[in-house]
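These come from TrEMBL:
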type     : residues : note
TRANSMEM : 7-31     : transmembrane segment
DOMAIN   : 9-458    : domain 'Major facilitator superfamily (MFS) profile'
TRANSMEM : 109-128  : transmembrane segment
TRANSMEM : 140-157  : transmembrane segment
TRANSMEM : 169-187  : transmembrane segment
TRANSMEM : 199-218  : transmembrane segment
TRANSMEM : 239-262  : transmembrane segment
TRANSMEM : 282-304  : transmembrane segment
TRANSMEM : 311-331  : transmembrane segment
TRANSMEM : 337-362  : transmembrane segment
TRANSMEM : 374-397  : transmembrane segment
TRANSMEM : 403-423  : transmembrane segment
Amino acid sequence: EARRQRRLLLMVVCVALLLDNMLYMVIVPIIPDYIAAMRGGGGTAGPSAPAGGNGSGGGNRSLLPARYPPATGSNEDVQIGVLFASKAMLQLLVNPLSGTLIDRVGYEAPLLAGLAVLFLSTATFAFAENYATLFAARSLQGLGSAFADTAGIALIADRYAEEPARSRALGTALACISLGTLAAPPFGGVLYEFAGKRVPFLVLACVCLLDGLMLLVLAPPGGTGARANMPVGTPIHRLMIDPYIAVVAGALATCNIPLAFLEPTIANWMKDSMGASEWEVGLTWLPAFFPHVLGVYVTVQLAAAYPHLQWFYGALGMAIIGASSCLVPACRNFGQVIIPLCGICFGNALVDTALLPTLAFLVDVRHVSVYGSVYAIADISYCVAYALGPIVAGQIVHTMGFAQLNLGMGLANVLYAPVLLFLKNVCQMKPSHSERNILLEEGPKGLYDTIKMEERKG
């Protein structure tokens, strides 16, 4: 029964992560027409806007062209860039608070609250009629993600406490994130084209509501007294200064920079350098889903066979990302550019799948086995890249050039890969006799343990 329940909870978390990333990307082919209609520009008039230099946040993934009105100006470009970055910005600000709250109240209630906010955000998108409402909906999504994503990943780490089950479960969650990111633009574009602007958001809102109801049935917040016996988690500021956790967080941020910076810039570069058509621009990222899933599978299998090499899988992934980023500017046609993008996503899967379980292990052996704050730090690492991408990437391309942007990102990943050698001896650390083991898994064996248990009961 417990095994079946945790599998169902894993499914709930995976659906939540899928929904969050679909909502993050589903607006890519919709927002330009949305804003055009609000301005009275009709949405269907005008040529396709360049995705680079205006911070459109990944318009290259759309299977339908992102169209702007003819009178698009720099002010509107800035508005779209800020709109796409607002989610990650607010998520970045809220994560330290959400991680601390999750450690104090448990995982289920924040996850449910996050799903409720995501539902409200999705419904707001569906009925938005002006830029201010769109901005509020996008920011609201960042608030929901700060709770749903962090609590969901922390819940998986808590329920799957042993390897290799933890790596498999986290790998499944990462595959759902990738699926949501890559499937959302065609999903949103097709429904928007043939069913209207509200339908994509209403569909996602309904799925979000069902996922929340399923969570209520499986693990109602406050339904058990387990949280009352849990120890107090290590404060997030202490986790941030842990050198091992800091190295992992830096790797997660660095490996996501190429994805975050290429999304808003590569489409314009493809049109300028190789005369790419709209369908080629739209399909640029879609093939990368398969190497990402392959990378997750390979890393999970290797981690099960050779768990002491987790650091090496992460370093190898960063080296692959670095080499692939440097190859992007050398591509001369659509077929060629797919290869380094697949390499970036494959390497990203290696890094994420190897290092996310490492964070949980570090908390187990060096701190208290409560995971809200440590995965809030991981979420902060992602948000740093994705908050900067839609705003900074276009400016770098404008001032330095697309090739220099890619070479810089590639060099950063290659140089950071050896830093993961610092994690080489992590697997040899022995789990401490934490308060959680004393309180939940073992009876009191001595005076100190008895006193600690009585303090917790008190």
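Every residue, even glycine, has its Cβ placed from backbone N, Cα and C.
Predicted automatically and left uncurated, TrEMBL annotations should be read as such.
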Within-chain partners of the transmembrane segment (169-187) [C-beta distance under 8 Å, separation at least 6 from its ends]: 10, 13-15, 17-26, 28-29, 58, 61-64, 152-153, 156-157, 159-160, 200, 282, 285-286, 288-289, 292-293, 296-297, 299-300, 345, 349, 352-353, 356-357
Predicted model, mean pLDDT over the domain 'Major facilitator superfamily (MFS) profile' (9-458): 80
Range from 109-128, 140-157, 239-262, 374-397, 403-423 with the greatest count of C-beta pairs under 8 A to the transmembrane segment (337-362): 239-262
Distant-in-sequence neighbours of the transmembrane segment (7-31), which means Cβ under 8 A and at least six residues beyond its ends: 56-59, 61-66, 80, 83-84, 87, 111, 114-115, 118, 121-122, 125, 134, 138, 141, 144-145, 148-149, 152-153, 155-156, 159-160, 169, 172-173, 176-177, 179-185, 187-189, 192, 197, 200-201, 204, 207-208, 211, 214-215, 218-219
Leading contact stretch, 109-128, 199-218, 374-397, 403-423 vs the transmembrane segment (311-331) - CB distance under 8 Å: 403-423
Chain residues outside the transmembrane segment (109-128) and at least six past its termini with a C-beta under 8 angstroms from it: 12-13, 16, 19-20, 23, 27, 34, 98, 101-102, 134, 136-138, 140-141, 143-152, 155, 197-198, 201-202, 204-205, 208-209, 211-212, 215-216, 221-222, 372
Contact yes or no, the transmembrane segment (374-397) and the transmembrane segment (199-218), 3+ Cβ pairs under 8 Å, gap 6+: no
